[in-house]
Amino acid sequence: MSDYKSTLNLPETGFPMRGDLAKREPGMLARWTDDDLYGIIRAAKKGKKTFILHDGPPYANGSIHIGHSVNKILKDIIVKSKGLTGYDSPYVPGWDCHGLPIELKVEQQYGKPGEKFTAAEFRSKCREYAAEQIDGQRKDFIRLGVLGDWSRPYLTMDFKTEANIIRALGKIIGNGHLHKGAKPVHWCVDCRSALAEAEVEYYDKTSPSIDVAFHAVDKAAVLAKFGVADVNGPVSLVIWTTTPWTLPANRAISLSPEFDYALVQVDGQALILAKDLVESVMKRVGATDYTILAAVQGSELELMRFKHPFLDFDVPAILGDHVTLDAGTGAVHTAGGHGPDDYTISQKYGLEIANPVGPDGAYLPGTYPSLDGINVFKANDIIVEMLRDSGALLHVEKMQHSYPCCWRHKSPIIFRATPQWFVSMDQKGLRAQSLKEIKGVQWIPDWGQARIESMVANRPDWCISRQRTWGVPMSLFVHKETHELHPRTLELMEEVAKRVEVDGIQAWWDLDSRDILGDDADSYEKVPDTLDVWFDSGSTHSSVVDVRPEFAGHAADMYLEGSDQHRGWFMSSLMISTAMKGKAPYRQVLTHGFTVDGQGRKMSKSIGNTVSPQDVMNKLGADILRLWVASTDYTGEMAVSDEILKRAADSYRRIRNTARFLLANLNGFDPAKDMVKPEEMVVLDRWAVGCAQAAQEDILKAYESYDFHEVVQRLMRFCSIEMGSFYLDIIKDRQYTAKADSVARRSCQTALFHIVEALVRWMAPIMSFTADEIWGYLPGDREKYVFTGEWYKGLFGLADDEAMNDGFWDELLKVRGEVNKVIEQARADKKVGGSLEAAVTLYADADLAAKLNALGDELRFVLLTSGANVADYAQAPADAWQSDLLKGLKVVLSKAEGEKCPRCWHYTSDVGKVAEHAEICGRCVSNVAGNGEQRKFA
């Protein structure tokens, strides 16, 4: 028997079957770095329209976690896809470098500033620590395959950036948005500093829930309001609170002007509380025998005075819209120094804003003898006993509720009125302008708009001052007596900024005021406060985007972060940009959900359900992690586990195998001389290129709308269905057995070339390493990297008015699927081994029969059978298999006649008819020794 293997065009490629990504990717990264791939891309895109995705800076502390990976990969997918769309899309990564977490780490190692090191040395240690953390995180981000200007990132601790942050504050002051006030702010006693809204988390806490009686100063006057002459015992207004420690700061009781308040006789006293809450309060205090004597609207009780339950003064009843009937008594204990609503209503009535609590969370001397120096949370029980002893305590119980805590220490925080600097939301219309700007931004998902609108509408003034060591100084001078800002504040801030630009923030603390104030130095003092770190990152649209040359003065097109950043970076950036420039800093804002485990649980080291991106990259490779990110709908929670990553690896193998098949069958193909013109190609090949064209339209649309999971789904459908289970199966016969240089084979290779040229680009933003690897095996001259080009423009499809148009082949796909069902059943019944052992007769209605007959003898190649005949549907025998999908189709399968050709494996009756090639069929003889078979359709 002759060996005809050498006459076959067997697939061959150096592109490996196995990805071995964990081993292979680091080598690719080294090449990218050595070649300066990012620089090559920038040069290639120079002069094109820009798309700027501004990187929200991660905090320079600790190793990256899976959430960081999601964020950076999503950004990288967008930047790369924009590049392929024809944009110049520079990506400058950044880091947030100042603030408390770094201070705490340095304190753990070196002690607090002033103990072992001066404040200046402490800042230097903080700078060193941040730089070390950045180096570690940068290595991991690069390992993810994220392309960016990693050698020149922006750091909020860069001297120039620090200077520009000061300039941003100067602009806000110049626009009239800054004011100073002793307002209650979130205060962490462990940090000994104010906290931003975004630094507050909520945890369950058990607190005492108490009902307290404030006795009327003038019993008769209060009773007169109710039209009651006298009652048995004292008259008291009842408040309810879960923060007894705030009672020393009480200066009023707030009532609703609209609610009805009842006078209730119970147990030898008369109590005043909201009428709608009488039943629930009486039940809570254990009173069963009570009588409602009368009721009046809250407005009638305004300015009635009541005795403080343990301090030697009385307080007024005041009216406020913040009073609700959700819980309590309808009478709200009001301490202007310990709550924003309390502060607002106290200001309205001109009440004292008392703050008896020090920065350490202990009562200041002179508060009350048994409370001085006591921590406020420890004081709760003491105050409850004081109330019990005075007879003012009506009820006490323990209550579990959600309580604000410090994001860093996880400890309960307090509201505490301290002199702070605020960006005002309303004095110059910042709130109104911000709400207007929000409407001009595209929010992805769209629910983000309502979320941030609600936050802006309800947020208090922004406290931007902090009492910290490691931060950008506010760089202000205030008068020692009046505490007013220096009249030359803006000029002085620019002078400070110039010095900071040279020497960093230490220049402020080293500055002798006389150097820039002259004689005014005797009357003015430096403000010691630093800026909230959210001001640092929130001003990067000005301190970074506006000044980096690669952004060429363009505003950011997109901000992209986790959904917690509506109240964080998105908010601070919006506030600062609107206060500075009157406009939003971004055109689009995209948010992604948090990562959870396979059961939907929040990731936690204590549970042990975290997934380390480093482990994933070391075991599976970064492309698997990237594919998982892209294939997950980021608008909700993003589930990840070993099983989920395994599924991503399975999908990856399908895509890789498709690419390998395409490359292997381009063996010997030179696009410069072997390309077949579209009009001369086999129709099926043109259909396949058209499939790629249709897929590309869907994929590009999905990239444009940032629906990356749809990109992956469409890519998988193309590889698995249109290619894998149809086209690539059909072409094997022609590709392997036709003459090497025949139009039949070159047509097929032309299609494969167009398809892989498109496929590698679709993959590039997501599976960047694999796309780069494929790119290196593609035939023909090309740029060195796929990332410097654009989407493939060489695709074409069948015309709608052609007889064998897309609709024709869609019908053939269905027929092929139905015939496969019959073949699979025959194989299960041991009637045939493979499909080439079968011949089929298709009994079709007139319309379908016309389509099938149009293929002539090539129908069998589409069906992968050795024989295929078409007959009238009405002539089908009774035992013919009826298709459920195609009502006008019945199928009869029989064993193929003739002998098996050892070269093409088809069964035919002409095997051995040519003496010189006695073992093979006539078709193979033509392909081996003749002019080669002709294919028109398949």
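Cβ coordinates are placed from backbone N, Cα and C, and glycine is handled just like the others.
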Pick from 58-68, 520-530, 927-937: which range does Swiss-Prot record as motif ''HIGH' region'?
58-68
Looking at 132-136, 177-181, 602-606, which stretch does Swiss-Prot describe as motif ''KMSKS' region'?
602-606
Residue numbers, six or more beyond the limits of the motif ''HIGH' region' (58-68), whose CB comes under 8 Å of its CB atoms:
95-97, 99, 101-102, 105, 130-131, 133-134, 136-137, 140-141, 155, 562, 594-595, 603, 610-614, 640
How many Å lie between the Cα of C924 (Zn(2+) binding site) and the Cα of E561 (L-isoleucyl-5'-AMP binding site)?
61
Setting C901, C904, C921, C924 aside, what same-chain residues sit with their Cβ within 8 Å of the center of the Cβ atoms that define the Zn(2+) site, listed in sequence order?
T737, P902, R903, W905, H906, T908, V911, I920, G922, R923, V925
State the count of C-beta atoms found within 10 angstroms of the C-beta of C901 (Zn(2+) binding site), not counting that atom itself.
24
Name, in the order they occur in the sequence, the residues of the same chain whose CB lies under 8 A from the CB of E561 (L-isoleucyl-5'-AMP binding site) and which sit 6 or more residues away.
G56, N71, G568, W569, F570, T591, H592
DSSP three-state assignment for C924 (Zn(2+) binding site):
helix
I'm trying to understand the geometry here, so how far is the Cα atom of C904 (Zn(2+) binding site) from the Cα atom of K605 (ATP binding site), in Å to the nearest whole number?
59
Across all the protein chains here, work out how many other Cβ atoms are within 10 Å of the Cβ of K605 (ATP binding site).
8
